[in-house]
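Q: Quick one: this structure, given as structure tokens, is what I'll be asking you about.
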Amino acid sequence: MNLERFREKVRYYRPLTERTQEDLAKALGLSPYVLSHKLHGTRNARLTHREVQAIVKTLVEWGAMTRQAEARELLELMDCPDFLPDEWNAPPFKWLEATTSTPSGPLSHTPSPGVEHAVPVQPGRVTRPLARESRQEAIASPPLRRDWGEAIDVSAFYGRESELVELERWIVDERCRLVALLSRGGYGKTALSVKLTQQIAHHFDVVIWRSLQNAPPLERLLADYLTFLSEQHTTDLPESTGERMTLLLEYLRTARCLLALDNVETLFQERSRAGTYRAGYEAYGQFFQRVGQTAHQSCLLLTSREKPKELAPLEGDHAPVRTMTLAGLELEACRQILKDSNLAGTEGEYRSLADRSAGNPLALKMVAATIRDLFGGNITEFLSQGTVLFGGMRGLLDQQFEHLSALEEALLFWLALAREPLALAELVSESLSPLPGKELLEALGALRRRSLLERGEAGAVFTLHPVVMEYVAERLVEQVAQEITTGHLELVLSHCLMKAQTKEYVRHAQAELLLKPVLARLRTLLKSEQVIEQQLRQALATVRSRSWEEQGYGGGNVINLLAQLRGTLRGYDFSHQRIRQAYLAGVELQEANFAASHFEQSVFSEPFSAIYCVAFSPDGQCLAGGSMNGEIGVWQVARWKQLMTLSGHLGWVWSVAFRPDGARLASGGEDRLVRLWEVSTGQCLKTLQGHTDWVRSVAFSPDGARLASSSNDGTVKLWEVSTGQCLTTFQGHTGRVWSVAFSPDGTRLASSSDDGTVRLWEVSTEQCLATLQGHTGRVWSVAFSADSATLGSGSNDQMVKLWEVNTGKCLTTLQGHTDWVRSVAFSPDGARLASGSHDRTVRVWEVSTGQCLTTLQGHTGQVWAVAFSPNGTRLASGSYDGTVRLWEVSTGQCLATLQGHAIWSTSVSFSPDRSRFATGGHDGTVKLWEVSTGKCLKTLRGHTSWVGSVGFSLDGTLLASGSHDRTVRVWEVSTGKCLKTLQGHTDWVRSVTFSPDGSRLASGSYDTTVRTWEVSTGKCLQTLRGHTSWVGSVGFSLDGTLLASGSHDRTVRVWEVSTGKCLKTLQGHTDLVRSGAFSPDGTVLASGSDDRTVRVWDVSTGQCLKILQGHTGWVESVIFSPDGATLASGGHDGTVRVWEVSSGACLKTLHRHPGRIWAVVFSPDGSLVLSASEDRTILCWNVRTGECVSMVRNRLYEGMNITGITGLTEAQKATLRALGAVEDSPVKITQPTRQGW
């Protein structure tokens, strides 16, 4: 007899008739509850042969079957006698097809959890009832996709049979949309959710199991869901959480999905009214509500100790939202737990323990350990203690803590802080004092016997049960808060609350679940943030008064708490501190004093902006990255520590490559040079000259003797490394050559170009072997597989192609990216290929199948570079967002992020009253500055990427900003408050401007459109289309009737604002138009271009009146003086030029910036010009004299005192200085002996 298979077949056939299990029970004369138990064989309920026959007959009557064999199979499964011949010849059986074949049973093949099937679920797919002839085929097909995430092992599962039956009925038969499992801690919600999910998984197309124990933000969880559900196809996700919910619900409608979310209680604020979410997690409530009340065919299964308040109005006995509150386990299950814990006893003793523990399985396990360890296994003696178990789980844990040794307590704190399993060696490294191996093992064994500690599935790693972890974390938070309040520091010194050098998701969890709760508790204890700050300052003084050995983690903990409390550490005194694990990336440290302090395992911001290239050293220990500011950073991978900065290139560094022996590094840059560096010293050994335009790519030959380089000049050059001599030049491409790669066997070179082709060259003969055609746009990147047999390429056409090297045949095209593919790289074994794209994602593909295995999300800007580590376990990516990320390939988790701080401004605007100016920069902020002092008055935060444009309204009350995050923001100048966020553009917003009357706002975007907006409402009034490429500038005429836009299509368009009609298209520039501006009287228009000219146009006729020549680089910005007599322009040549409009003469060339100028603006009275440059300064020029009268530096660590600091490399110190830190300040440095550093 096979009851399980019989039940599954019944469950398959019944829904085909659109009948419910209640209908079937009614037809049999049974209650639904009894029928459910009979189908599951629980509570001694069994189906009789007569009932089996009645079920079969009913299903046939309802039209669920087409063949006799289907009905006979059901009977055979239950060893049930066949119907008599007369019955087969009578209704309803006589209409069945008489066949002898027996179809395969439903779900006859059920893959084990963890197996994924590459069948994407696409929104919009309509699920239709299957035709009868296709039903058996559908039945036999395996489930689609499974992701078990952090699901625990439930091979040892106790009881809960009736709960499983009831839950299965709710989810499978009654198709509930949301089910919540509720109970106090330790009652087995997690185990039940996993067991249930495994048991009913085959009823679903998709199963995803996730834990919320580390409090992931909802937007990250939704991104995880959407990426998995779409088979990695959905990557360009909506920015708003609400839109992501809508997209997820579309998937839940079109496919049958089971989403399990464990530990929902983590989302709720401790010590607050029930149902109050943690700050920043309120959207989860909306998510639960929408899933529960929106029609779909899926189910969200929650486990929680607290019921989300959004469920109450939606739940009911017949509603699609249900909650089940778990009671204790039944006696038999409790007995089994005690027996498995090697505790022998009488029936009465088992019953007594079960009653006193209220059937809580975790409590039973802990009690069993206590009886074994403290009472020698004597249950009677333990029970004689009377009320020991009546305190509930918290009381039991309190008692357990009373019996812990100092080492055992410290270990529990470390495991609670870690938020994930730790290996033995990691536990040892966390402690600041030596841990004897024998004592450590004994302590771990004791904790495990008491069920306080669990051993992970990956061998000798240890973690805590969720209930224990929460209890220990709460105890830790309370103790830390009390220590800061009283000034008696112990845990603050001995344990690290948040690690700077750890996996990124772990640090996020530590901040959310430890740092923030400590501050929340301090607010309760101390009432005001000012008092909290005072106590934290006092804690710093207390730490400073200790010896270096005793300071422990104190300095780092207090600094991290202050940064979390204030968001800035400007002006703080952190001198003479031992600072461990301080996370200072992105934290303002202007005028902070770190004199004579010692840093360990701390993280700072870096002075780079966009990262264009990354490369691992051959041993995998170092990572190099080239950036926009002309520098190359080299970092130690293990500790994410900067080892050196290589300076020498003028302009952007486009490519870096290590020589196979790791001793040399090659780089290519905008300055048309290839440089060879000695890795051990950072010295530039050779400069290879020969290219006549930017060098885009460099690659060493496998033997390291030769180096290939490709350039905008359309050539590939081959150099001899030892001499620096150019051996040959490969020519054939008809456009810029973006990438070059040696085959691992050294016989071939591959190159890719603007001309849309990939070329294969034979190195020995210098001949072009093949031209690979198939891409429909620029080919950015090429890479060989390890066996030299396959070549990968990435292109503007959003495709990755795999080519067979010997034949030139395209083997497959990998589709999924939604924007340009900038970089491709094979894993060392050739089994995988990674691709980085402008869609801000990295994809990892399986080469043999072309399947996208995972999509790595986290970058907020275009991904320009990807590289596998030599062992293939990690992947590095460099992005336009100013970060380098390190990913774990197997899990897709971001392990670490190097955060650059783009310290130069890309836009500048004077306020109408001349008292202030605004800047927008690469760090995503808008800053307001005081003109007279150069002081930063306000920092406006909200954008998530570079701010490319800022502009004041004519009355000076509002400020607009446009960003690469595709939004326009409107700010109130007096308060710094963001009044509106204007959304609609689908690519970078490069220019914004107010209309003269302030009622409208115009924006130009890389999505090729110009939009006009109503300022009061934020409504988009017009979308002006006509440009065929990116729009880089917009500007209103003074009367507000006209709008001009400059584009990368080399034209300027003049639009009529009232109608949105394009009145004129001004043509003449021979390269991209980057900027434009109307003269104050509206009769003349100026434009600046990559053709290195400024053109002046007659607005009425569209005629080009003058061409102003003199710049030797792209012209990034043009602006008229208020009287219209002069024109200022700023360019990539680092100069500001002031022109006389009437004659076209260059009146002055203002030359002090060593880097590109991104923006120029006149003061309202025309006497001053501000210029914002890539050299990290804003200069103020006197227009009449040409003199630079003042300079503003926009740096994160300006004035930070690092005199006498230790623990940092020279490269790290140089980084701090580049961000504004200063040394040799007149401070007295007295440092105690630093034993053990």
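Cβ from N, Cα, C; glycine included.
Because TrEMBL annotations are produced automatically, they should be read as predictions rather than curated entries.
Sharing the record's features from TrEMBL:
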- 99-120: region 'Disordered' (REGION)
- 99-111: compositional bias 'Polar residues' (COMPBIAS)
- 167-264: domain 'NB-ARC' (DOMAIN)
- 604-645: repeat 'WD' (REPEAT)
- 646-687: repeat 'WD' (REPEAT)
- 688-729: repeat 'WD' (REPEAT)
- 730-771: repeat 'WD' (REPEAT)
- 772-813: repeat 'WD' (REPEAT)
- 856-897: repeat 'WD' (REPEAT)
- 898-939: repeat 'WD' (REPEAT)
- 940-981: repeat 'WD' (REPEAT)
- 1024-1065: repeat 'WD' (REPEAT)
- 1066-1107: repeat 'WD' (REPEAT)
- 1108-1149: repeat 'WD' (REPEAT)
- 1150-1191: repeat 'WD' (REPEAT)
Q: Restricting to the same chain and to residues at least six past its boundaries, which positions have a Cβ under 8 Å from a Cβ of the repeat 'WD' (730-771)?
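A: Same-chain residues near the repeat 'WD' (730-771) but 6 or more away: 693, 696-703, 706, 708-718, 777-788, 791, 793, 795, 803, 805, 808.
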Q: What is the three-state DSSP composition of the repeat 'WD' (1108-1149), stated as helix, strand and coil residue counts?
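A: Per DSSP, the residues of the repeat 'WD' (1108-1149) fall into 0 helix, 24 strand, 18 coil.
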Q: Thinking of Cβ pairs under 8 Å, which stretch from 604-645, 646-687, 772-813, 856-897, 940-981 has the most of them with the repeat 'WD' (1150-1191)?
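A: Per the Cβ under 8 Å count, 604-645.
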Q: How about the repeat 'WD' (604-645) and the repeat 'WD' (856-897): do they have 3 or more C-beta pairs under 8 A, pairs 6 or more apart in sequence?
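A: Yes; at least 3 Cβ pairs under 8 Å.
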Q: Below 8 angstroms Cβ to Cβ, which residues of this chain, lying six or more residues outside the repeat 'WD' (940-981), approach it?
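A: Non-local partners: 239, 860-861, 880-881, 902, 906-913, 916, 918-922, 924-928, 987-994, 996-998, 1001, 1003-1005, 1013, 1015, 1018.
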